[in-house]
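**Student:** The structure follows.
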Amino acid sequence: MNKQQLFENIQKKKSFLCVGLDTDIKKIPEHLLKEEDPIFAFNKAIIDATAPYCIAYKPNLAFYESMGVKGWIAFEKTVSYIKENYPDQFIIADAKRGDIGNTSAMYARTFFEELDIDSVTVAPYMGEDSVTPFLSYEGKWVILLALTSNKGSHDFQLTEDTNGERLFEKVLRKSQEWANDENMMYVVGATQGRAFEDIRKIVPNHFLLVPGIGAQGGSLEEVCKYGMNSTCGLIVNSSRAIIYADKTENFATVAGQEAQKVQAQMEKIMCQ
């Protein structure tokens, strides 16, 4: 999916919501545990209920890898289900990969060739040669970690060099030498507030993947005020606040209702 297609889908749905599939078998409704594949059964129901209100899904690989082979199978089935039934949805593999060139090339092959996923999150710490293998696939996206929503982001990302440039700003500037706004996005946590204003001075045209709305307390209004650009430029993720909004047999219906609430907020902002 290219940038124009993504923007057109945002306009059509009046939404830039991404539903995070951080599926924990300890948190899904008990009645699903009787299913042959409880994780996939949960994901399928969530996807069917939320698809009208979102433009992307973001399975977090850690939740699937922690279950070994069964978890990876559930992940593959989830990706296939989205692609077959909701082909307009942008799929993000939240894997946070990043290693030396040969290893990164294998990661890229996994997500872009074997699974044909639209995008993957990548850690930039090891530099250009750890990122470029992901950039060799036409129509695929790298989503580079820039300024995250966790408290530990202060440990490194907000530290300044002798010129007063913060590390996340250096990541933004340097990585523009490797790619452009047609194949690279950045992760910026919703809890970072006014930092979006500084980020847009460096990357005015790139899409930003924004986790931290909902359970982590980020403000959608603040993110949009400082982060939105002429093509929207935002994919705002919500995971727990949607997928775990209810633990009864009505969990999917409630998840759909929560996604619809967020979509309505987004539509209001887009129409201002």
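Heads up, the Cβ atoms here are built off N, Cα and C, so glycines get one too.
From a predicted model like this one, the values you see are computed outputs, not experimental measurements.
Under the heading active site, proton donor, Swiss-Prot lists K96.
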**Student:** According to DSSP, collapsed to three classes, what secondary structure does K96 (active site, proton donor) have?
**Tutor:** strand
**Student:** To see if you understand the setup: which same-chain residues, six or more apart in sequence, place their Cβ under 8 Å from that of K96 (active site, proton donor)?
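**Tutor:** Counting only residues 6 or more apart in sequence, the Cβ neighbours of K96 (active site, proton donor) under 8 Å are T121, V122, A123, L145.
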